[in-house]
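Shown next, in C-alpha cells, is the structure this report addresses.
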C-alpha cells in the first residue's frame with residue numbers, strides 16, 4: 001500500500017488577511033524533494049510559504065521514501081508485453097488514405113536525419129508523440145464545458161496518453177543526450193506540429209486520431225529496429241535508467257533492451273486507442289457515447 005503523509009496543519013478558518021507576520025514567515029519543508037522535480041536524491045530544500053500548502057511525503061510499499069516528484073507510485077505499472085504488435089488498419093476511406101500517406105511522407109526526412117541513431121530518434125519521436133493526447137484532451141475538455149456534457153472518460157484517457165509519452169521522453173533523455181541542434185529542432189518540429197494538429201482536430205477529430213494511429217504504427221516499427229540494433233551489438237545495452245525501473249516496475253538489473261520493449265508495448269496500446277476513436281466516429285457516434293479505455297496501457 002502506498003502511503004502519503006501530510007504535516008499537521010494549524011487552524012485554517014481565519015481569513016488570510018488576519019494572519020499575523022509569524023504565519024507569513026513560516027517555513028514549509030519541501031519533504032526532501034529535489035528542486036528539479038525529478039527526485040534524484042539531491043539535497044533537501046525548503047520554501048517560505050504564506051499559504052501553508054503542505055508537501056506530501058510518499059513512501060513505497062516497503063516503507064522507503066519515494067524519490068520522484070514527476071510521477072507517483074500509484075501511477076506506475078507493469079507493461080503488457082503480450083499485445084499484438086502486428087495489427088494494422090488498412091486505409092479504405094479518403095481520410096484514412098490521407099492520414100496514412102501523410103505519416104509515410106513524414107517518415108522519410110526522419111530516416112534521413114537520424115539514420116540508425118535510434119536513441120536520438122526515439123527522443124525526437126517522443127517530443128512529438130506527447131502532443132496529440134494533450135491537444136485532443138484540451139479540446140474535448142473545452143467541448144465538455146461548452147455543451148455541459150460528460151466526455152465518456154476520453155479527456156482522462158487522452159491526457160493519460162500524453163503523460164505516458166512524456167515519461168518515454170524523460171526516460172530516453174537519460175540514454176541519448178541531445179546535441180544543441182537537436183534541441184533546436186525540437187522547438188521547430190513541436191511548434192509546427194502542435195498548431196497543425198490543433199487545427200486538424202478542430203476540423204476532423206477522426207482524421208486527427210487516425211493520423212496518430214498511423215504514427216504509433218511507425219513508432220512500433222522504429223522501436224523494433226532499435227531492438228535489432230541492440231541485439232546485433234551496434235548499440236550498447238546499458239543499464240536501464242532508474243526512472244524507467246520505477247515507472248514500469250522493472251527488475252533492478254534491467255537494461256536498455258527491457259526499456260525499449262515496454263515502450264514499444266505502450267505505443268501499441270496508443271495505436272489501438274487512436275484507431276478505435278475514429279472507428280467510433282465512422283459508426284455515427286461520438287466519443288462520449290463509447291466508454292474510454294482509461295488505463296488501457
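Backbone N, Cα and C define each Cβ position, glycine as well.
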Candidate sharing the Fe cation 2 site with 165, 267, 270 (per Swiss-Prot), from 65, 75, 216, 217: 216
Candidate ranges 184-204, 226-246 [criterion: Swiss-Prot lists as transmembrane segment]: 184-204
Swiss-Prot annotation (transmembrane segment) - matching range among 122-142, 143-163: 122-142
All-chain count of other Cβ atoms within 10 Å of residue 270 (Fe cation 2 binding site): 25
Other CB atoms, at most 10 A from the CB of residue 267 (Fe cation 1 binding site): 28
